[in-house]
Each structure stands twice: as C-alpha cells, then as structure tokens.
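Remarks on the structure that follows.
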Amino acid sequence: MRNFTCFGKKLHLCRLCSSVSCIKTACLSRSFPGLIRCLYHFLFFNVNPLWIQFFYFVSNSLMGFLVLKILKPRPDAVRPKDFDVFFTSVSAATVSSMSTVEMEVFSIAQLVVLTVLMLLGGEVFLSMLGLQIESSKFMKKQEKIENKVDSLVSSDYLITSSIHTNVDNQIELGLVKVPHFEREKPSSVETCRNIGTDDDDQLMSCSEDLKYDSIRYLSYVVLGYLLVVHVSGFALVSSYLSLVPSARNVLENKSISIHTFSVFAIVSTFTNCGFIPTNENMIVFRKNAGLLLLLIPQVLLGNTLFPSCLRFVIWVLGRFTKKVEFKYILKNAGEVGYAHLLPSLHSFLLVVTVFGFILVQFVLFCSMEWNSEGLNGMNPYQKLVGCLFQTVNSRHAGESIVDLSLVSPAVLVLFVVMMYLPPYTSFLPIKDEELSPASSSEKKTKSSWGRLMENLKFSQLSYLFIFVILICISERKKMKEDPLNFTVLNIVIEVISAYGNVGFTTGYSCKRQLNPDGQCKDTWYGFSGRWSNTGKLILIVVMFFGRLKKFNMEGGRTWRLQ
C-alpha cells in the first residue's frame, strides 16, 4: 500500500504539472533505484553463494592487481612482471601467501594495498558480510509477510468509489483505514524480551523477531571481536618492536617503519595469510621469542579457534548483559545461519583437536629438528618457542622461522597432512546432526538437479591429484634438467600449501642444480616463482579452489571403492 500511495502522489504531481514528460520522469526516477535494488536482491538471494564468493575474490584480485600495477615499487627495486604482480594480488586476496616476488620489492603504498586485500579476504571479515546478507534476507522475508498482511487489511477497510472518480479525490479521501491495534507491534516481542535467560521452553517459542535481533547482535559481536583483536595485537607488537633493539634494528636496516610492519603483520597473521614485509618472512625474527609469542594467539584467534572463542565471548556477554539475544544465539546455533557459530560440544572438541594437532607436531618437530641447521644459533628457550610457532603456523597461517628445504621429509609429510585438513576438523566421534543441526534440513531442501551435481563431484584429493599432474606436465622440462629442485614432493607441498591457503614453500636453491647456471641467483620467494607462467596459472586456480573448498566438502562421497 505504501508503494501505491507513493505512486498516487506522483500521479498527482504530474497532473499539476499537466505534462506527460513529468509522468515519465517520475516513473523513471522510481524505477531506476528499484532496478538496482532488484539486481541486488537477485544477486544475493537467488544466486548460489559459491558464485557470489568467487566473483568477490576475483574482483578483489583484479582491483588489487590494477592498483599495485599503478603504484611504483621501491626506488631501489626492479619492477616485477605484471603476471607476478597479479599472482601476488590473488595470493593476498585468497590469504594464501604464495609468493613469486620478494616482499621488499613493494613500496609502503603497495604494502597498504596488500594489507587491505588480506583484510577483505579474511574469513572473519567475509563472515561478517555474510551476516549482513543474512539480515537482509530476513528483512526481505518480513517485508513480504507485512505486505500480505497489509493487503488483507486493506481489502477489509478499503473505501471504493466510482470508477470515474478523480485520482486526487482518492488520495484526499484516503484509500486505507487501518485500526490502531493493527499498527502496533505484536506483544510477543516484548514478551520475548522479558523472558529469563534460564527459560529455554519460552525462548524457543520466540522465533522471528528475536532471531533478527540475534543476528544483528551477532554481527556487532563479530565486528567487535575483529576490532579488539587487531587493535590489541597492533599495540602489543608495535610496543615490542619499539622496546626490543634487536627487532627494531632489523626493520631499520630494511627501511620498514614499525607501524607499517605491525599493521601488516597483525592483519596477515589474523587472516592466516602468512605474508610478512621482509624477504625472509619470520626467519629474521627467529630469536625474538617475545614477538613470536605475541603472534601465536593471532594465528589461532583468526582461524582454527575462532568458533570456540566467539562462542565464549557470546557466553560472557550474555552473563554480564543478561540479554536474551545472546541466550538465543547460544541455544540456536544452527537457526542463526552463521557457519562459524558451532554448538557447544563441537566448540569444546574443536579446542581439544587443535591443541592435540599442535602437540603432535611440536613433539615430532622438536625431536627431528632440535639440532638441525635451521635452528642453529638459538638457545633452548628460543628453540622451544620457535618450534611452537612453526607448528602453529603449519595449519593455515604459513609464517615460518626456518627454511623448509632444510626440514626432514618426515616433518614435511606431516605438514602436508596438516595443510590439507580444513580449519574446523575434528576427528572425535560426533554425529553430523550434533555438529550442525542445519545440515540435515539443508540436504532435504536440495533440488534433484543439486543432488545430481553433488553426485558428480570428485573429492578434494581427486582434484589435488589432477592439479599436481597438470603442474608436472607443465614443468616436465625443468623436472628433467633440475631434478633436485623440481621434485614431486616439492610440487606436492606447493600445491597442498596453495589449496590450504597456507603459504609454506621449500623455495629454490641454486646449489642443488646438477648443471650449475652461472646466472642463477638465490632469492627469497617461493618455489613457484621458478615455474613457468602456465604452472603459476594452475596454482592460481588452486588458490581460488582452496579458498572456496568449503562448498565441495561433501564431494566424492558417491564414488565408492568396492
């Protein structure tokens, strides 16, 4: 009825103007914003989320590439090739930290661009945008319900007039008369607000209005979580770098300001990207145990432990504020529609699994690498902290204090397994409905075409095998000429690292060449930096595939081996 009234007013204005062009202008001004709104609703409410996120990452990568290309690198650095710049932009946008150029090539302005790309590509930030879309969906649903109610009410109280009645008279008389009680909000909303936090039965009966408010509160909590972790991390890291001369001297020698490094490192670590503005990554800070200890919580808070920490924050806020919305969020994790909000049991078991993986890696890494070349010159305390930092980063962050080419094969194989695992992996015996109450309902709502496509999908490992084979084909010439560097294991590590959006790499060493090349120069970038453009392009596809792997976690289940 609001649209009808508004349109009627415009017709009245057009009659006063006594001009047909006025009517066209009014209608056009009304239709263009409506067209934009319809396009927005179509993209976010009807298009598959897979394609929305794919477009999001591709557009961010392209925009980042264009800005990085326009901006100039450091004065003393050689401008990298355009394809390598695009590769770096994709790597930052997908938080993969695969590198084909040295990081100290980029100027301060370019580092700011990379920081923005990493922030936009981070899972926490992206999930916050998802909450806004979910809130918009809920509002659209409520508007449809209200429009239906308004139409029913108007049918009872509409005052009809003669078919020849003037439009002005219709507007002046008023087409709709709605009783006062129909305009008031249902009393159930206030009833829901007054429910005690321990009354679960009444809480479950309050659904729609409370659900919308809960989603809104959750978006505020995620935003606050994001800001608090980043601000506190920046304050701690910048304070450490200012107070510790050894760490400060490293940045001064590389002409990197403390604030630039702190912001870049915190955003990169929290988003689990793994980029560091130094060529050597964190190797140059391997003896600064305090800095490593400050970054370890950032790695966990931004990825593997985010669901558990988020649930704990919501529980604390509910205890202090006594808001029923927080109670509703905790009791209806599946109904809220936020994938990172896990049930309490799953959140607890996720913490146990994450620290269990860290413990296994820590024990193996210490036993195998304690006296290795990569940890030479470090005292026992620095070795312990360094080993812990390395094992924490093996899941998704990708920051490193050792040269992985010097690490034993047993540890590398374990790292490959850890990089392959999704962030919320839990091997403890939990039923699917206990982990995700909404999973069973989602399966029932899938169309026959959707179920058919699910059946045709390969598993994650199948696609990775295909990618490894394609890269081995594209780099077959180098594998023959330089077999010590271009080994299948190194290629597998690079592919799994790109798929897991980790960034671990074994690098390239001129000393391992069977036929030494006098022009070969060791550089501080990834092994993929020595690949052909075809191999790099395949790795770009792997990074996108890995960033969107959550949409294919059910793939391959119909392909059974008997």
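Placed from the backbone N, Cα and C atoms, the Cβ positions cover glycine too.
Feature annotations, courtesy of TrEMBL:
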{"type": "TRANSMEM", "residues": "107-131", "note": "transmembrane segment"}
{"type": "TRANSMEM", "residues": "217-236", "note": "transmembrane segment"}
{"type": "TRANSMEM", "residues": "256-277", "note": "transmembrane segment"}
{"type": "TRANSMEM", "residues": "289-317", "note": "transmembrane segment"}
{"type": "TRANSMEM", "residues": "348-368", "note": "transmembrane segment"}
{"type": "TRANSMEM", "residues": "401-421", "note": "transmembrane segment"}
{"type": "TRANSMEM", "residues": "458-474", "note": "transmembrane segment"}
{"type": "TRANSMEM", "residues": "486-504", "note": "transmembrane segment"}
{"type": "TRANSMEM", "residues": "524-545", "note": "transmembrane segment"}
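Using the rule of three or more Cβ pairs under 8 Å, pairs at least 6 apart in sequence, the transmembrane segment (401-421) is in contact with the transmembrane segment (486-504).
Only pairs six or more apart in sequence are counted, and the transmembrane segment (289-317) with the transmembrane segment (107-131) gives three or more Cβ pairs under 8 Å, enough to call it a contact.
Within the same chain, the transmembrane segment (256-277) stays apart from the transmembrane segment (348-368): fewer than three Cβ pairs sit under 8 Å, each pair at least 6 residues apart.
Long-range Cβ contacts of the transmembrane segment (107-131) within its own chain (Cβ-Cβ under 8 Å, at least 6 residues beyond either end) map to 53, 56-57, 60-61, 64, 67-68, 71-74, 88-89, 92-95, 215, 218-219, 222-223, 225-226, 257, 260, 263-264, 267-268, 270-273, 275, 277, 302-303, 306, 338-340, 423, 547.
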